[in-house]
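Below is one structure, written out as structure tokens; comments come after it.
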Amino acid sequence: MAATTTVAISFVLLPLAFLTLLTPLKAATFTIVNQCSYTVWAAAVPAGGGIQLDNGQTWTIDVPAGTTGGRVWARTGCSFDASGNGNCQTGDCGGKLACTAYGTPPNTLAEFALNQFSNLDFFDISNVDGFNVGLDFSPETPSGSCHGIQCAADIVGQCPAALQAPGGCNNPCTVFKTDEYCCNSGSCQPTDYSRFFKNLCPDAYSYPKDDQTSTFTCPAGTNYRVTFCP
């Protein structure tokens, strides 16, 4: 009888173990801060949407565990009506205040994928879509190799003539649309234009194959802060 009881208890505990394994992972909290002296319209996809942030204002969003293709960016020169329809000079996402699509270049990007290989978050700053607003992308609690990155140089003020755009600095792919800059074949190399971005922002992606010096990791479950004009 004792053996039968043990078996029964084991069958009861087994589903509980599976339930523990299947417990949803905790969402990551992203705190987005506008330190610019001017208003920006922050955008975040696939979670978040968009909001107006005046100087000193903060926006907090929860991003589900496992999210991939995540982006946070600042839009500038925007005007929206009461229904949230309008347009922006940089970073516009289809004329909507609450973005559901990526922004139009030029826009500096904070990119991320949560809870990926080896239970790590992967994150970066990218100038592959050009640059409009400097930003800092940092874990709320840095530790060891889990540390913040930043792109805060005056790229707009030093932008090469061929890449200049209202409110920002385009990446060469946007302007020239050739494989040399867009890397559609997957075998592109650094160019003088990508070196311009890399020299000013060493932490940030300067062209599509700039992975080795531009991708950073933190343990899954980390919370993050994105600061515009750090």
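Backbone N, Cα and C atoms are what each Cβ position is placed from, and that goes for glycine too.
Residues or ranges marked as signal peptide in TrEMBL: 1-27.
If you look up TrEMBL, you'll see Cys36-Cys229 (among others) marked as disulfide bond. Non-local contacts of Cys36 (disulfide bond) by the CB criterion (under 8 A, 6+ apart in sequence, same chain) comprise Asn55, Ala74, Val133, Phe228, Cys229.
Sequence-distant neighbours of Cys78 (disulfide bond) (same chain, six or more apart, CB under 8 Å from its CB) are Trp41, Gln52, Gly86, Asn87, Cys88, Gln89, Asp92, Leu97, listed in sequence order. According to TrEMBL, the disulfide bond annotation covers Cys78-Cys88 (among others).
The disulfide bond annotation in TrEMBL covers Cys93-Cys99 (among others).
The disulfide bond feature in TrEMBL is assigned to Cys146-Cys218 (among others). Long-range Cβ neighbours of Cys146 (disulfide bond) (same chain, at least 6 residues apart, Cβ-Cβ under 8 Å): Pro139, Thr217, Cys218, Pro219, Thr222.
Sequence annotations record features per position, and here TrEMBL assigns disulfide bond to Cys151-Cys201 (among others). Neighbour list (Cys201 (disulfide bond), Cβ cut-off 8 Å, at least 6 residues apart, same chain): Ile125, Asn127, Gln150, Cys151, Ala152, Ala153, Ile155.
Among the features that TrEMBL reports, disulfide bond is placed at Cys159-Cys169 (among others).
Neighbours of Cys182 (disulfide bond), defined as other CB atoms within 10 A of its CB across all chains, total 17. Residues or ranges marked as disulfide bond in TrEMBL: Cys173-Cys182 (among others).
Long-range Cβ neighbours of Cys183 (disulfide bond) (same chain, at least 6 residues apart, Cβ-Cβ under 8 Å): Cys173, Tyr207, Pro208, Lys209. The disulfide bond annotation in TrEMBL covers Cys183-Cys188 (among others).
Neighbours of Cys188 (disulfide bond) among the disulfide-bonded residues Cys93, Cys99, Cys159, Cys169, Cys182, defined as a Cα within 10 Å of its Cα, are Cys182. Considering only the disulfide-bonded residues Cys159, Cys169, Cys182, Cys99 (disulfide bond) has Cys169 as its nearest partner by CA-CA distance. The distance from the Cα of Cys169 (disulfide bond) to the Cα of Cys182 (disulfide bond) comes to 16 Å.
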